[in-house]
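S.K.: First the structure, which I've put down as structure tokens, then a few questions once you've had a look.
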Amino acid sequence: MASHIRGNLTEEQLKRIEANRKRALERLQQKKKKDAGEHVPSSTPKSTSTTTTKETGSYSPTKTLSQIVNSDSVQVSSKFVEIETDGSVKKRRVLTEEQRQKIEQNRLRAIEIQKNLKQRENQKDDSTTSSKPVDNIRLNQNRPDSVVSSTKKFQPPPIRKQDYIEFDFATMKDTKGGFLQDEKTNTQGADEQTLQDWKNKQRELQKIRELPPPIDLQNIPRCRECQSMEVDANLMTNFNVRACRKCIKALPEKYSLLTKTECKEDYLLTEPELQDTTLLPRIEKPNPHGYSRMQLFVRFQVEEFAWKKWGGPEELDKEWERREENKVKRKEKKYHDQLREMRKRTRAEEYTRKLRDGKSLGERHVHDWSSPVNIDKHTIKRRCIDCGIETEEVVI
């Protein structure tokens, strides 16, 4: 009865109160040290921590992780975690063999890069010191390192002054001041030219070539029209046509030049006939409208060959009209074929639509009229819901 009276405590209760007081005091000290930034070791007393068993109600002492680690009798080690002296647990990183090899390779590569950078810096220092005058080297030795490092980047290269300049005229080339270029010379010899290059060169020479002066005045070539001795060299050399320049300008319907396209379209000549130079001589010039070379023919030679082929200008006109009619017929036939195909597709689509709607192919359409709409006083308008046809009815 005396133990339950206020103010009278047992020894066991006094011990518990004293232990709680000490524990609170230690917590307060740890908090102050933590706020001050000092390291706080684990200070849980071994003797003060007690547990009570349910069966007997007695108290048994317990130990924390730091007490177990600090104890001499227990050895704690793990492959995956590290336990510090203060009882904190850190996860240990486990590296594979491949990761270790990669780390070692990166370390060796970094060492090699550092060595190369040092060698380059040493070479730069050697080159700069060798190019500097002796007086500058002596003066720079007395200057502080900070000044030398700051002015090193902006120091201009040394100027080597000499009394004369040496030139090797054997290796010197005239560049024309950079404004003029030498004419392109053919580095290939005559034997190394292709056959097509040789033919093109010969054609160019034929265009420029002029007729030699006459030796025999009686047998000199004269113009076919006016018997003049001033024969055009181009027509005489390339087409074997004797005509002076005055007659060429006066008679363009006879001596003008025609292109290959005009010969095909106007005179209905074929490609093999135009390619045969024995039948129709020609000259070639650069085409201003494309990359292929332009072929030119004399008009009266083309007309003579066309009259011989078709039998005269009237027969040529008939052949041209016949080809134009055939061209129109082919165009109309193509149009009708396309129209027939379109009708077939439309009919097939109509059959497909009827089958999809569940109607037979031979079924007659019956209009499903909508309600009438009044247009004016005596006229109404109706519309089929299925096909969309509209009718107007007059109401009398």
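Each position is counted from 1, following the chain as shown.
Each Cβ is built from the backbone N, Cα and C atoms, and glycine gets one as well.
As listed in Swiss-Prot for this protein:
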type: BINDING; residues: CYS223, CYS226, CYS244, CYS247; note: Zn(2+) binding site
type: COMPBIAS; residues: 20-29; note: compositional bias 'Basic and acidic residues'
type: COMPBIAS; residues: 41-62; note: compositional bias 'Low complexity'
type: COMPBIAS; residues: 63-78; note: compositional bias 'Polar residues'
type: COMPBIAS; residues: 118-127; note: compositional bias 'Basic and acidic residues'
type: COMPBIAS; residues: 128-153; note: compositional bias 'Polar residues'
type: REGION; residues: 20-101; note: region 'Disordered'
type: REGION; residues: 116-156; note: region 'Disordered'
type: ZN_FING; residues: 223-247; note: zinc finger
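In terms of burial and nearby residues, how do these features look in this structure?
M.R.: DSSP assigns CYS244 (Zn(2+) binding site) to a strand segment in the three-state reduction.
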S.K.: Please list residues from the chain of CYS226 (Zn(2+) binding site) whose Cβ is under 8 angstroms from its Cβ, counting only those at least six apart in sequence.
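M.R.: For CYS226 (Zn(2+) binding site), the qualifying residues are CYS244, LYS246, CYS247.
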S.K.: For CYS223 (Zn(2+) binding site), just count the other CB atoms lying within 10 A of its CB, please.
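M.R.: Excluding its own Cβ, CYS223 (Zn(2+) binding site) sees 19 Cβ atoms within 10 Å.
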S.K.: Please work out the helix, strand and coil residue numbers for the compositional bias 'Basic and acidic residues' (20-29) from the DSSP assignment.
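M.R.: In the compositional bias 'Basic and acidic residues' (20-29), the DSSP-based counts are 10 helix, 0 strand, 0 coil.
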S.K.: Quick one: mean pLDDT on the zinc finger (223-247)?
M.R.: 89
